[in-house]
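**Q** Structure below; questions to follow.
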Amino acid sequence: MQSNEIRRQFIDFFREKEHTFVKSASVVPLDDPTLLFTNAGMNQFKDIFLGKGERSYTRAVNSQKCIRVSGKHNDLEEVGHDTYHHTFFEMLGNWSFGDYYKKEAIAWAWELLTEVWKLPKERLYATVFGGDEADGLEADVEAEALWKEVTDIDPGHVLRFGKADNFWEMGASGPCGPCSEIHIDLTPDLSGRELVNAGVPEVIEIWNLVFIQYNRDTQGTLSPLPARHVDTGAGFERIVAVLQNKSSNYDTDVFAPLLKAIGDMTGVPYEKSPEQIAYRVIADHVRMLGFSIADGGMPSNEGRGYVMRRILRRAARYGRKLNFSKPFLYKLIPVLAEQMGEAYPELRERQDHIIKIIKTEEEQFNRTLDRGLDIFARVEAALRQRGETTVPGSEVFKLYDTYGFPVDLTRVIAGEKGLEIDMPGFEKAMAEQRERARASAKFNAEQVQSDDWVTLSEGADSKFIGYETTEADTEISRYLVTGEAILVRLKETPFYAESGGQVGDTGLIRGKDFELRVTDTQKQGEAIIHHCAPVAGFKPASAAVHARVQDDARRRTIKNHTATHLLQAALQQVLGDHVHQAGSLVEPDRLRFDFTHFEKIDDRQLRRVEEIVNREIQKNTPLQISLKKFDEAKKEGAMALFGEKYGDVVRTVRVGDFSYELCGGTHVRATGEIGLFLITQESSIASGVRRIEGVTGPAALELVRQTRAALQGSAQLLNAGAAEVPAKIEGLLEEKRRLERALKESRAQQLLSGLEDIIKSAVRKNGVSLIVHTLKDVEMNALKDLGDRLRQKAPESVGLVAAANGDKLAFMVFVGDQLLDKYKAGDLVREVAKAAGGGGGGRPHLATAGARDVAKMDEALKRFRELI
């Protein structure tokens with residue numbers, strides 16, 4: 001059985017048990033600041049367990065994309081060296097939110113494993129919570145009894161374990177409860193009883209059923225929850241390995257296409273390579289990178305971006321063991337997208353973007369990897385000469401800080417040479433030179449931290465004077481020429497460096513004998529870096545320059561930035577005080593504002609928000625900008641951005657009594673300068689996070705012109721006045737609906753007119769009049785009407801009518817009154833649909849179902865004939 005089918009069977013199994021399929025959450029959490037990556041299926045339902053949210057359904061099923069590379073779930077060191085640790089994996093899960101509980105969870109898990117997937121019952125073990133004296137908790141005798149009552153598991157295979165193995169907790173406080181794990185014994189002689197929970201590959205956990213029934217308060221005291229939940233998780237890759245009878249996850253079809261592609265590039269198949277660990281590491285890491293970039297992640301030097309960069313560079317380093325000296329990881333993305341794009345279409349939709357990001361990162365790393373390896377070789381030689389086996393922390397830090405070597409990569413290289421690294425020494429060096437380790441996501445570590453900077457003027461630099469002016473006579477303190485740009489640091493600069501969602505300024509830096517075009521401005525620690533377009537042979541004779549910001553772009557940007565402040569205040573007025581900024585982008589041509597809110601904003605509310613912002617613009621209120629102590633500003637009610645780090649003294653921006661925020665960005669002098677504000681789009685970007693996009697000033701005026709032109713053009717086409725356009729369009733739509741109804745009725749009549757021919761097509765089988773008929777483009781209601789007529793006309797018949805509607809199948813089964821004691825339409829149609837990967841049901845005399853695989857129409861028809 002192929003892995004895609006296994007995933008589909010799991011989801012369909014629980015759909016048939018009235019679970020709502022919930023799409024996998026992004027692996028890059030947009031609404032949970034406590035997570036670097038989504039690491040469990042329950043993450044997107046955490047608010048329900050905490051009592052802070054609800055859904056329109058009480059049962060859910062999904063396959064969740066997960067990444068575990070840091071914190072308590074740090075599996076990175078084991079990846080590739082064993083058969084089952086991965087940075088990226090899928091977690092199959094079903095949930096009950098105050099609906100069913102232990103009985104159903106246990107019975108259904110057993111049914112799927114043993115009846116659908118046909119796993120040998122004698123190889124399965126179930127573990128239950130054995131109690132905990134410290135918490136005053138007794139053993140979970142309820143789950144223990146249910147395993148023996150609602151399944152036919154060997155009673156001797158139900159085992160008790162302690163809190164460490166069989167009690168789940170969300171954190172130090174919060175929802176928790178006992179869990180019941182299902183393990184499979186893979187030993188040849190079924191001798192695995194003593195190996196359950198021993199952490200060996202011969203007996204592995206394949207499914208965990210968590211019964212959330214308690215809440216632990218901050219004092220550690222447990223109390224029953226008002227509503228009990230079920231949270232289950234089954235590792236997809238492990239399940240596939242078991243069902244495909246493979247001893248390693250890497251031997252399944254989950255990894256086979258990637259491993260084959262790597263073998264095709266090296267010329268040595270995976271099975272014959274002496275470097276199989278490298279193959280496995282690369283295959284695993286490409287999956288993690290592909291999915292994280294598809295979901296919006298970007299390699300960088302901070303947070304989850306740095307984790308992604310570590311993973312990419314670790315994979316690239318293992319590529320060197322396979323003699324890849326040029327970028328190669330990006331070539332595996334089309335293979336990944338082809339393999340998993342059906343289940344996760346974002347891989348196909350963003351394939352070109354993923355390829356570009358990975359290739360660029362590989363190119364950057366390859367430029368410095370050889371130099372770093374040379375340095376490590378010199379360090380190693382010195383250690384050997386001294387008879388030492390530990391790489392000093394200062395050298396580890398140099399590799400990290402100067403050459404972008406993640407520490408774990410240095411550890412791998414050292415390990416290959418039989419050496420260890422001095423981690424305490426490394427951490428001391430990090431603490432002493434923390435500012436050198438910080439980096440903007442837009443600058444890679446090799447460029448900004450390189451020793452190749454040329455110094456023109458000594459002393460302090462990067463003093464920002466852009467609040468007061470957009471041009472200044474200043475000096476270049478340092479510059480760095482790379483293959484892609486010229487990076488410049490100025491003594492004083494009017495250029496604003498990207499921060500707080502506001503993009504960096506662009507403009508010109510003019511010297512005596514040169515002119516640099518600034519394409520971006522970024523911050524590196526306390527340094528402001530001007531990213532300039534390359535100039536051949538750049539080598540300034542003098543440090544003196546004139547720096548000038550592109551005035552028009554700055555003016556348009558500050559209009560948008562001040563507008564985001566007005567927008568947040570307006571949203572709070574209209575929606576409530578729960579609205580807080582969750583992200584923003586302020587560019588010359590548009591603004592984007594992300595904020596916390598838990599439902600779609602209707603048109604009336606959006607119009608109200610837009611009206612309030614424009615009212616404040618028309619007041620032409622002067623902005624009051626001042627520096628204050630952080631505590632004082634907060635006490636006065638100034639809004640701070642969640643997750644942002646502030647110093648003791650902060651910059652505040654006040655718009656009368658309407659808005660008061662902490663902000664280091666550039667703004668208009670008075671709100672009237674914004675001119676006009678228009679909302680262009682409102683959407684959801686994550687659970688509990690909405691996004692508004694808008695335009696101001698000239699861009700808003702241009703939008704009005706375009707809208708007016710479109711309205712006038714529509715009026716001309718409709719031969720109507722502008723005010724009449726909506727009514728005219730509604731009339732045309734009503735006419736379209738009328739024609740569609742007429743066509744539908746015509747098709748239904750045409751269908752019924754062929755009733756006698758369908759009945760005449762019946763054949764006798766086992767003493768029954770059997771009707772099997774296929775149609776195209778017929779709706780389910782029409783099939784039901786047809787079924788009712790066939791039952792009336794042919795009471796001695798049982799029949800199936802199947803319709804191919806585009807890329808979907810619709811099935812209708814009827815049973816005549818004379819045969820109801822022998823056949824049930826609901827049972828028949830369920831089996832028919834299952835043959836085509838679908839499901840359904842209904843009443844004994846007439847039932848319907850659907851499926852998505854049109855190619856399996858013949859299999860479904862064949863299955864129906866077999867049932868009669």
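Yeah, the Cβs are placed from backbone N, Cα and C, and that goes for glycine too.
According to TrEMBL, the protein carries these features:
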DOMAIN    1-706  domain 'Alanyl-transfer RNA synthetases family profile'
BINDING   HIS561, HIS565, CYS663, HIS667  Zn(2+) binding site
**Q** Cβ within 8 Å of the Zn(2+) site's Cβ centroid: which residues qualify beyond HIS561, HIS565, CYS663, HIS667?
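**A** Here the non-site neighbours turn out to be ILE558, THR562, THR564, LEU623, VAL653, GLU661, GLY665, THR666.
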**Q** With every protein chain in view, how many other Cβ atoms are within 10 Å of the Cβ of HIS667 (Zn(2+) binding site)?
**A** 22
**Q** If H, G and I count as helix, E and B as strand, and all else as coil, what does DSSP give for HIS565 (Zn(2+) binding site)?
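**A** Note: HIS565 (Zn(2+) binding site) is helical by DSSP.
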**Q** Does DSSP put CYS663 (Zn(2+) binding site) in a helix, in a strand, or in coil?
**A** coil
**Q** What are the sequence-distant neighbours of HIS561 (Zn(2+) binding site), meaning same chain, six or more residues apart, C-beta distance under 8 angstroms?
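**A** In sequence order, GLN502, VAL586, LEU591, GLY665, THR666, HIS667 meet the Cβ cut-off.
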**Q** Measure from the Cβ of HIS565 (Zn(2+) binding site) and count the other Cβ atoms within 10 Å, all protein chains considered.
**A** 26
**Q** When you measure from the Cβ of CYS663 (Zn(2+) binding site), which residues in the chain that are at least 6 apart have a Cβ under 8 Å away?
**A** GLY500, HIS565, ARG651, THR652, VAL653
